[in-house]
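Structure first, commentary second.
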């Protein structure tokens, strides 16, 4: 039984069997969520291309996620493979150790493993960070929300999370008991992707993480934007994701996700995040964004920041709250322009992290992402591209992975996957998961 496919137990009482279910044996809280909005829904059998499971339809929120600039959330045709073909691809590549992908793929150039020693950046190389070797414990949080019954219902998000579960456990050695899935086809109250459950699961993901651990976060669902309040977004808008109960509990803002999943991490801890949602280019507020040529797209955020900015960055990296608050006061005084607008590029320096955080997102901040379907197997286009590229060619550099995902999508979609990082990276390093 996959996580999230537990027997219906949601009757406004505490879940009786949560302790014995996958993903909850490793410190994940089994307490009843603070906010409950659903009662036991009717069950309806739905058959997929190679599997059959029960969708539990939840009453929709009072309002759908906001309409995007392009109108209704698009569901164009796409070439996602069937479940059985996908599994065979993984097994064949895993067994054969295939390195080279299809002839049209970009092959990694001088790919090598990340260094184990501490790295330095910033003025006079005073700010330290560390790559993860991904040899420690592996944990994953997979969230897929279809928003059943709403005006902007999606069809592939839950499939995305199950496909990702198969991929992580079959190809990369993640253990089922170290994976938590939140889907809106379950009646287990602790597995419904409400805002409270999502925030709690994010905290579980990063709790007690140690150097060389590998954490994986996957979100497939609706994304949007709201007004930026801290000056860290170039377009003046914060990116958000939508829990199933967003109308009553609100959305989750990128600043909060950064504070929960990035800020607490030690140097040498890897967090790989994959967002298959609209307007997700900077959804984790990571300061470095890379182009398909392997160069930083943004100006150097350390330039002309001065001593106050450096002190703030170092305080952030070491968790020194008192020093951080003091330094930030000087930073904001320094970087406020004559027209009282904040220099956003300089504000970004407080988002630096000494941990090894990598994010692939399905689109730029001003783009939508596609929900695709073929032969009854629905999927998000970005999730499909990520799984397809790595199953065809398991050994990739960061640069070749980004290039090949874009190549997979370019013939059918306008969205452009993005690569963002918590620190500068050598994009020719081998991508580890």
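First residue shown is number 1, and so on along the chain.
Just so you know, glycine gets a Cβ as well, placed from its N, Cα and C.
DSSP assigns residue 222 (active site) to coil in the three-state reduction, outside any helix or strand. Residues annotated as active site in Swiss-Prot, with similarity to another entry given as evidence: 222 (among others).
Residue 278 (active site) falls within neither a helix nor a strand when secondary structure is assigned with DSSP, and so counts as coil. The feature active site is assigned by Swiss-Prot to 278 (among others), with similarity to another entry given as support.
According to Swiss-Prot, the compositional bias 'Low complexity' annotation covers 9-44.
As annotated by Swiss-Prot, compositional bias 'Polar residues' applies to 45-55 (among others).
Positions annotated as compositional bias 'Polar residues' by Swiss-Prot: 83-109 (among others).
Summarising the annotation, Swiss-Prot assigns region 'Disordered' to 1-123.
When Cβ neighbours within 10 Å are tallied across all protein chains shown, the highest count among the active-site residues 222, 278 belongs to 278. Cα separation, residue 222 (active site) to residue 278 (active site), rounded: 6 Å.
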